[in-house]
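Q: Below: one structure in structure tokens.
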Amino acid sequence: MGSMARAAVAAALVLVGLASAVTAQMQSCNEELPPKLVGNYSGLACQPVWNNFVLRYHQDKNNVLRIVLSTMYSTGWVGMGFSRDGLMIGSSAMVGWMGKKGLPHIRQFALRGKTSSKVVVDRGFLVSNDHDHTVVVQQAKIYLAFQLKFPYRLTNQHIILAFGPGIPTKNKLSKHQDKTSFTFDFTTGKAVADGSFPYGLRRAHGALNLFAWGILMPIGAIVARYFRRSDPLWFYLHVGLQFVGFIIGLAGVVAGVALYNKIQADVPAHRGLGIFVLFLGILQVLAFFLRPNADSKYRKYWNWYHHWAGRLALFFAAVNIVLGIHVGGGHTSWKVGYGFNLAVILVAVVALEFLLWTRWSKDSTPTPTY
């Protein structure tokens, strides 16, 4: 009976939560518009679409779409983008905010890239009359009201919603704090999560490269430097780890190329570092096949080349992983996870290096070379 009672209580709590959520959504649409908007924006259909965002809309027989987008607000900017393919790049957005002096602002922006310089004010494919745009802040809510003219009647339309914490300065938008994309049917009022953005491909690109260059290859390098007394086991482990890491990293590069071809992301630093690291990785693979004999006079030069090319590859790979997590908008779990992984590797390297130098000071016997 005790377990059944607990189950019943849990079910009741779930039902109460669902009822509260439904009630909150109904109340958000039942709330009256600010008096300033009643004249031009009354009688609109209403639909909660994301978090606290509520979309009111109506398209008349002349294909003029009236929109009122509302959400909770304290400061910063709020935007609604219209996309042809569900992607941010190439879309146009109406963005509104309350200025530092308490003046309302609403402007169209062309989203030509992910950097601030490529988010261009007063550009885009949306046709509108600037005199019909209004921003109202009332009772901790912001209302963006605008009218757009389309050459056809909208049905399924890719929509992007975003908000940022910083008040735009000179019409420059700060990086968004959060965003979403979905397909909205303006005839039925249904919103469906937009699958156009290749989230799986982005995740595969990041996970494969992080595992290869951030875990396997550093471990392979650690084995080669600190465990050479276990000869020849260290050599087979080193070669095996590096080879598997290179194959997985190559798969990550292929995923990255496919991702770039799909979204044309403007990330030159990340791409450039990735190409450089891949080039160093290819040199390391070639080094395995070009390795001279241990007694060759060229062996020391090969060792220098192999050691330093490997260290450079791992260093720039770590930099590029951090950069990739940043430009890819990785969640906190990615940052914390890779930060923890990097910290463990660095602590292990410092401890093993100390032990190695201690052993060298007591034992003058040279360690095997590779």
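Heads up, the Cβ atoms here are built off N, Cα and C, so glycines get one too.
In case it helps, TrEMBL gives these features for our protein:
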- HIS205, HIS238, HIS270, HIS306: heme b binding site (BINDING)
- 51-164: domain 'DOMON' (DOMAIN)
- 167-361: domain 'Cytochrome b561' (DOMAIN)
- 1-24: signal peptide (SIGNAL)
- 210-227: transmembrane segment (TRANSMEM)
- 234-260: transmembrane segment (TRANSMEM)
- 272-291: transmembrane segment (TRANSMEM)
- 312-332: transmembrane segment (TRANSMEM)
- 338-357: transmembrane segment (TRANSMEM)
Q: Please give the sequence-distant neighbours of the transmembrane segment (234-260): residues at least 6 beyond its ends with Cβ less than 8 Å from one of its Cβ atoms.
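A: Hits for the transmembrane segment (234-260): 198, 201-202, 204-209, 211-213, 216-217, 219-221, 223-224, 227-228, 271, 274, 278, 281, 284-285, 288, 370.
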Q: Would you kindly check 210-227, 272-291, 312-332 and say which stretch has the most C-beta pairs under 8 angstroms to the transmembrane segment (338-357)?
A: 210-227
Q: Rank the binding-site residues HIS205, HIS306 by the number of other Cβ atoms within 10 Å of each Cβ, and give the residue at the low end.
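A: Minimum Cβ neighbour count within 10 Å, taken over the binding-site residues HIS205, HIS306, occurs at HIS306.
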Q: State the residues, same chain only, that lie 6 or more residues beyond the ends of the transmembrane segment (272-291) and have a CB under 8 A from a CB inside it; answer 'none' if no residue qualifies.
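A: Beyond its ends, the transmembrane segment (272-291) has Cβ neighbours at 209, 213, 239, 242-243, 246, 249-250, 253, 256, 302, 305-306, 309-310, 312-313, 316-317, 319-320, 323-324, 370.
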Q: Can you break down the domain 'DOMON' (51-164) into helix, strand and coil residue counts using DSSP?
A: 6 helix, 67 strand, 41 coil
Q: Just how many other Cβ atoms lie inside 10 Å of the Cβ on HIS270 (heme b binding site)?
A: 21
Q: If you pair up every Cα among HIS205, HIS238, HIS270, HIS306, the residues annotated as binding heme b, what's the maximum separation in angstrom, rounded to an integer?
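A: Largest pairwise Cα separation, rounded: 27 Å.
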Q: Around the Cβ of HIS238 (heme b binding site), how many other Cβ atoms lie within 10 Å? Please give the count over every shown protein chain.
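A: Other Cβ atoms within 10 Å of HIS238 (heme b binding site): 20.
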